[in-house]
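Trainee: Got a structure for you, questions after.
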Amino acid sequence: MNQDLDYMFIQHARVWIPDTEEVWKSAELTKDYKQGDASLQLLLEDGANLGYKLDPKMTNLPYLRNPDILVGENDLTALSYLHEPAVLHNLKVRFIDSKLIYTYCGIVLVAINPYETLPIYGTDIINAYSGQNMGDMDPHIFAVAEEAYKQMARDERNQSIIVSGESGAGKTVSAKYAMRYFATVSGSASEANVEEKVLASNPIMEAIGNAKTTRNDNSSRFGKYIEIGFDSRYRIIGANMRTYLLEKSRVVFQADEERNYHIFYQLCASSHLPEFKTLRLSSANDFLYTRQGRSPVIDGVDDTKELCTTRNAFTLLGINESYQMGLFQVLAAILHLGNVEIKDKDADSSLIAPNNRHLTAFCELVGVTYQDMAQWLCHRKLKTATETYIKPLPRLQATNARDALSKHIYAKLFNWIVEHVNKALITNIKQHSFIGVLDIYGFETFEINSFEQFCINYANEKLQQQFNMHVFKLEQEEYMKEQIPWTLIDFYDNQPCINLIEAKMGILDLLDEECKMPKGSDDSWAQKLYNTHLKTCSLFQKPRMSNRAFIIQHFADKVEYQCEGFLEKNKDTVNEEQINVLKASKFDLLVELFQDELKATSPTGQVPGTGGRTRLSIKPDKSREASSKEHKKTVGCQFRNSLQMLMETLNATTPHYVRCIKPNDFKLAFSFDPKRAVQQLRACGVLETIRISAAGFPSRWTYQEFFSRYRVLMKQKDVLPDKKLTCKNVLEKLVQDQDKYQFGKTKIFFRAGQVAYLEKLRADKLRAACIRIQKTIRCWLARKKYLRMRRAAITIQRFTRGYQARCLAKFLRRTQAATIIQKYQRMYVERKRYRQKQAAALAMQTILRAYLARQKYTALLREHKAVIVQKHVRGWLARCWYKRCLYSIVYLQCCIRRMRARRELKKLKIEARSVEHFKKLNKGMENKIMQLQRKIDEQNKENRSVNERLAGLESSYTAESERMRGELNRLRGVEEEAKNKANQVTSLLEELEKVKKELKATQQEKKTIEDWAQTYRNEMEKMVSELKDQNGLLKKEKDDLNRLIQEQSQQMTEKMARAIAEETQQLVTDLNEERSRYQNLLTEHLRLEEKYDDLKEDIALSLNVSKPGHRRTDSTHSSNESEYTYNSEYTELEEGSRASEDVTRGIDTSLTLKLQKRLTELEQEKQSLRNELENKEEQYQRARARDDAEFKKARGAELEYESLKRQELESENKKLKHNLAELRQSLLGNAATGAGAPGSPAYNVLLDQLNASCEELEVRKEEVLILRSQLVSQKEAMTHKDEKETMTEPSVFVEDVSKLKDADEIKQAYVGLKDTNRLLEHQLQTQRRTYDSEVESLRGELQNVKEENNRQQQLLAQNLQLPPEARIEASLQHEITRLTNENLELMADDPTASREARVIILRRMVDLMEQLEKQDRTIRKLKKQLKVYSKRIGEMGAVQAEGQTSPGQMVDEPIHPVNIPRREKDFQGMLEYKKEDELKLVKNLILELKPRGVAVNLIPGLPAYILFMCLRHADYVNDDQKVRTLLTSTINSIKKILKKRGDDFETVSFWLSNTCRFLHCLKQYSGDEAFMKHNTQRQNEHCLSNFDLAEYRQVISDLAIQIYQQLIKCMENILQPMIVSGMLEHETIQGVSGVKPTGLRKRTSSIADEGTYTLDSILRQLSAFHSTMCQHGTDPELIKQVVKQQFYIIGAVTLNNLLLRKDMCSWSKGMQIRYNVSQLEEWLRDKGLMMCGAKETLEPLIQAAQLLQVKKKTDEDAEAICSMCHALTTAQIVKVLNLYTPVNEFEERVSVAFIRTIQTRLRDRCESPQLLMDTKMIYPVTFPFNPSSLALETIQIPSSLNLMFLTRV
């Protein structure tokens, strides 16, 4: 093969080379190989170079190594290169790295013993493999068992599982697990629990047939073939065991580090028990037969507990205590017999000392006499033709005879136990088929090989021949099926070796012939073998250094056998007299063991077959039964015949092979020794399977798989619509040699190495694409980096230049500032100097000018005073002269004016005397008079003003005169004073000098005081700063304490919240657990009922008893119904029930009593669980009530705070007003003094200060009040918290604060501030919780709106079924009910906020009631009008009819059809029926109602409403018998229809909805206040009045639970085939997943291909489920629970398959799973079910998909995985990491170190070690009360239901 692949030997190609230590070593070519090269240049993995020489004649190129992507495959035939190193390496990688012990090799399952208990054999694993195809799941013994079980059911052919391997390889364990699988998946066909008995036989057989060897602590020292029988329904009905070649020599001899059979050590370890005192046993070291191996104890095994297990198994199989004690008595006797010491009497005889205690114990235990047994242990009887001799035996022969007797007794005991085990496993049911499990020894070779190894290897030669023929047959069938031309494959045929052993004159024939010889010996037999076969058979050889041994070339290896002991073991002789002594025993069990001594010819004591079943035991020929011993068959002959019958049985069945491999000889866990593994692989035929497969076309791909995998090698033009033609065209281009492949009907067959070549092409193509992608990406990254660097450089330059410019500007500014500073400094200095000079000059000038001014002032003052005196004197003289002149002038004027006036008066008088003249001259005189009069008045006014002014002047003049006189007097005094002061000037100057001196001293003192003041100011500032710092520290400390208090408060709040949440969660968990237990009990109860019904039906059918009428089923037996069930049946039912009970009582009373007892126990347990459930619910309610009370208490504290605040404010206000009034009164009292009068400045200032102090006082009082109230509310609101934690820090803080200055004020202020902060924190948290609750309430309102929408739609559908006159009333009634519900919800949520809403709702209700009354009045009015009109129309029609119809004419139809008005009737919502119509009611409404037919158009829940209305009438008439019969028949009929059509989802969903609705009606109309809250007044009037149906409500609730569980099972059965295909296998995202070669075990290898399901199929099915339940009116809460259970099933099944399928654990599959999960979540959103908890059930699957996609290299990745995968167990995480398989070469495997890191980090997790999720788990269901708003009196019964016999009441 390698010569054909020489083009693959290029540089970097990896090969395998032989190695003495590791068998095969990997190396890499450093140079291309060319034809004719003498050697290969290799590089080993350790870095060493090696020149591998080639044989030029044979060109023995080394084996090529498979690509890494193929390493670790589930099936070895999937490897491209099939050879020994590839097989060994693949097994090693799977075993060491992935911890996988099972691997397929074609049809063989290779099982490597891990020497460690693995969690892969639980019931969850069994359920995961049940029903799966063998290629779909990872390799497992359960997959082989499932394949055998499936083929037995499909092909109607018996099956066999052949388990072989070395001692210690795990054969017995594998066979035991296979039997456990059959017992679990098939169940039993009777109540005898046959599957438990089959499993119980294992502990027994292990105790009496297994022992510790150097290779195995529990090695089976016999072969067995167990037939597990099945009936026609493929349920276990029994089993039968056949044993082969028990190793009897182990009873009397054990090698070092080995033990005898386990049962002896179990008895010795339990010798202290009271029942074993009579056996006289002690430690195992005290007996010869148990101490020779010097290893009496097995680590980790408690022999005392193992004996308890063995005894329990005996009891389960029907072997009672007396028989068990008898068996133990025989076993103890064997131990005592081994301790009997035989001494030499002389050279040819021996004796046993008298009263030997062990022989005495033996004789007492077996019931024989001491003398007889002592006699025949040391003597032997010889018979001749005429006489009989008694010959003494030497000590050695006597000891051998003693040991032979022990072996014979143990063999008889072993056969007896096997016989009784078979009897316990046999039943009377006819066997339809069987599966055989063969647990037989593998090929053995030791340093010394004897007769046992010869028989074992002979059996393995026969099994290997059968295996080779079967493999060759399967290959031939595969080629013929695919129509591939094939040539005869040459494979190793071991028939010559078999002929050498069993043919005529073969080894066994010569051995039997030598045994018949009187003086036959092992030496003579060896010489016969040499003479017969040494020259004629190449497989037979003679050792060079021995004449008492021979060598046989077996298929596995050469084995050298020692001839010593062959004849003795083949004869298997026992002293006949010893047997006769035992037969005469008084011990019944011992006599029973030896009673068939003459009949038994097999040393294994096989029992003849019973019941027509073929047995492997051998019966002697009847003609030879009475023959002598020499005519008995030898052990070799018996074994050959048994083996021949076994082969016939195996050839008549379909075999399945399990090859167990022992990885090392030291029993180390997960340690792999390549040498030992290769040796066993060669011996067990695995490599032969590989060789046969590699000789043809080992690699096989379907066309679709090939197209998906190698699509990358195709061009677009090569892709054709026909995938098969596309594959052919592409393959012809890729592989030129057409002999390298063949095209079959459905598959492409490849020669060895071609898949690796195609993988190389694919990898090269992908590598080139990757290089191009990398080139482009790197270019893009480099350009992006360059642009980023360029932008960065520009930015740096910009900022650098800006920095330099800013530095320059700063320098210029600093220079300019320095110049300005210098200028102003110089200016300041000069100005200061100038000002000093100016001040000095000014001071001098001031003094001088002051002196001159004073001098001048004095002179001026004197001059001024003189002037003033002169002025006044001259003025007085002038005024005197002026007055005299004025007086004279005025007098003169008066005289002249008087004279002129007299003259004018004379003239006027004359003129006045003349009237004419007067009129002429005085025209208009009147006007002038008036003007003159006006002028006179004005003159008078002016005169008066002048007089007044004159008077003023006179007064002022007088005053001025007086003042001037005073001034004059004063000046005269001043003048005198000035004269006096002039004399004082000198003295004043002297005082001035003195004052100047004092001024200087004062200035000096002032300067000193200023310096002291500056120092004091600095000190004060320093003190102020220190005080500020101290204040800051205090504030900081205060903030820290506030923060600490806040954190403590938050921690306490969080702690309490967590505690409350945990307590609530624990209560909810306990409640769910109790519900789950209760519902599981209901399931168990239902199962027992079904079994009881099936048993009754079988009994009835077997006796052909006719049962007329309808028979009552017993499915209604429960704790709540047992009181009245039998009184509630009909006459026919009672007769049928009594008949069935009589039959049952007559047939199997004990079984009936057993079932009734079990039923009673279940009822009691159910009642106790119900009580516990009620207690849990009460605890939950009490916890909720406690939380509500705490909330109310906190609310009460706040109200108390408000009231306290108000009271204190009122009292303080009154007090302040009183004080203010008193103060004002006192101020008013002092107003007489004038200083404090109102309006005065002092009064205003005082009043302002008083007001300010009042305001400040109010503020302080408010703060104190707030602090007090906050403390009170805080204490009240936080009473449920821990007081110690709350008061620890505040108390310390108070102590610290009390030490400060101003203790009272600071302490009160700070404590108040702290409490204020705490209260604010509490209020903030309260607001946050309020906000969260508002958000939740809004979400709940949104959900309620959605539910209300659905309810409205349902109501609309219901209303459409109603008559028009009832439709409006129903809708209005529903609106009123809805508003009432909203009102109640608002009251429950927030009583304060609901007041306004309540008022609004009441108004709306009143409006609606008014509208309803108004419409009723309108309707009645219209009906009256309609009556009048119809009456008129009828009269008119009658008149016309009389006028147009002749007397003899018949009128068939009315001319005007008129609706006859129906009299209105007030229905009570009840239905009346006769008792004899009850069967018809149940039949039409339940049994014959089809959801797909009539029920589709019904109002949701209509059958439930009808049944309840009938029940209401029975309650109304107070007929208890009618109530009971109706309820019982309803329950029985629902159970019957579900039993008949329980697999129909629509039927189950329909009756689940109606059962729940019926239950809700019983609650709603029960009369209980708790269920009447949402009822209308009319509905409350319809409540039941005479009967309390609370017990029936519980029964119907149990029925609803059973229907729910049946619904879940029905959905699970529908979804189960879709989940794996849709969620895992189907590529939702095309092109992401890659396909790898799967080897011989293709998917769906054992069944025909079915339609492929996709994710859309699952979504469509889910939508169908949802729409069906909605159509049936299922409660929304119940729909949510169903959807949650659906999603749990999907997630659990998907995750379990992911954990058991290595091919699914890849990065691309993780992406597919996450996409599929997102589609499921989108479906939930569309249906509005995101809040039902279904998404959370998918969390483990989501995290597993994320685990497949995350990085798995560094410690940070491990930490991220540990924190991310919180929903997965440690076992699941490690399993996914172990199974992670790269699909392409570019992905990397998970290292072992990384997995160990994950295990270390997850070591502290407390979780279940279970690997798989429980797919059978069902969440406990609850049925929340959902009252109906539909009025019963408005329900109309459709005629399609055929319920015309019902009458509305």
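Glycine is treated like the rest: Cβ placed from N, Cα and C.
Checked TrEMBL, it gives:
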BINDING   G165, E166, S167, G168, A169, G170, K171, T172  ATP binding site
COILED    915-1098  coiled coil
COILED    1152-1267  coiled coil
COILED    1328-1362  coiled coil
COILED    1405-1432  coiled coil
DOMAIN    10-62  domain 'Myosin N-terminal SH3-like'
REGION    601-633  region 'Disordered'
REGION    643-665  region 'Actin-binding'
REGION    1107-1144  region 'Disordered'
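Are these features on the surface or tucked inside, and what are their neighbours?
Mentor: Sequence-distant contacts of T172 (ATP binding site), defined as residues of its own chain at least six apart whose C-beta falls under 8 angstroms from its C-beta, comprise E206, N210, N218, S220, D439.
Confidence across the coiled coil (1405-1432), taken as the mean pLDDT and rounded to a whole number, stands at 62.
The list of residues near the region 'Actin-binding' (643-665) in space but at least 6 beyond its ends in sequence, with Cβ under 8 angstroms from a Cβ of it, reads 91, 95, 105, 107-115, 141, 144, 147-148, 151, 155, 157-166, 168-171, 174, 178, 215, 225, 242, 244, 436, 438, 442, 458-459, 462-463, 466-467, 470, 614, 616, 618, 671-673, 676-677, 680-681, 684-686.
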Trainee: My understanding is the cutoff is Cβ-Cβ under 8 Å with a sequence separation of 6 or more in the same chain; which residues meet that for G170 (ATP binding site)?
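Mentor: Correct list: A111, N113, C660, K662.
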Trainee: In the region 'Actin-binding' (643-665), how many residues does DSSP put in helix, strand and coil?
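Mentor: Computed counts for the region 'Actin-binding' (643-665) are 9 helix, 8 strand, 6 coil.
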Trainee: Who sits close to E166 (ATP binding site): which same-chain residues at least 6 apart have their Cβ under 8 Å from its Cβ?
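Mentor: For E166 (ATP binding site), the qualifying residues are R215, G442, F443, E444, C660, K662, Q680, A683.
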Trainee: By the count of other Cβ atoms within 10 Å, pick out the sparsest of the binding-site residues G165, G168.
Mentor: G168
Trainee: In sequence order, which same-chain residues at least six apart have a C-beta under 8 angstroms from K171 (ATP binding site)?
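Mentor: Result: V163, S164, G165, S220, D439, I440, Y441, G442, C660.
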Trainee: Output the one of S167, A169 that, of all these binding-site residues, has the highest number of other Cβ atoms within 10 Å of its Cβ.
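Mentor: Of the binding-site residues S167, A169, the highest Cβ count within 10 Å belongs to A169.
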Trainee: Please spell out the DSSP helix, strand and coil residue counts for the domain 'Myosin N-terminal SH3-like' (10-62).
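Mentor: Tallying H, G and I as helix, E and B as strand, the rest coil: 0 helix, 24 strand, 29 coil.
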Trainee: Would you list the other residues of this chain near ATP - those whose C-beta lies within 8 angstroms of the C-beta centroid of G165, E166, S167, G168, A169, G170, K171, T172 - in sequence order?
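Mentor: Sorted by sequence, the hits are N113, R215, N216, S219, S220, G442, C660, K662.
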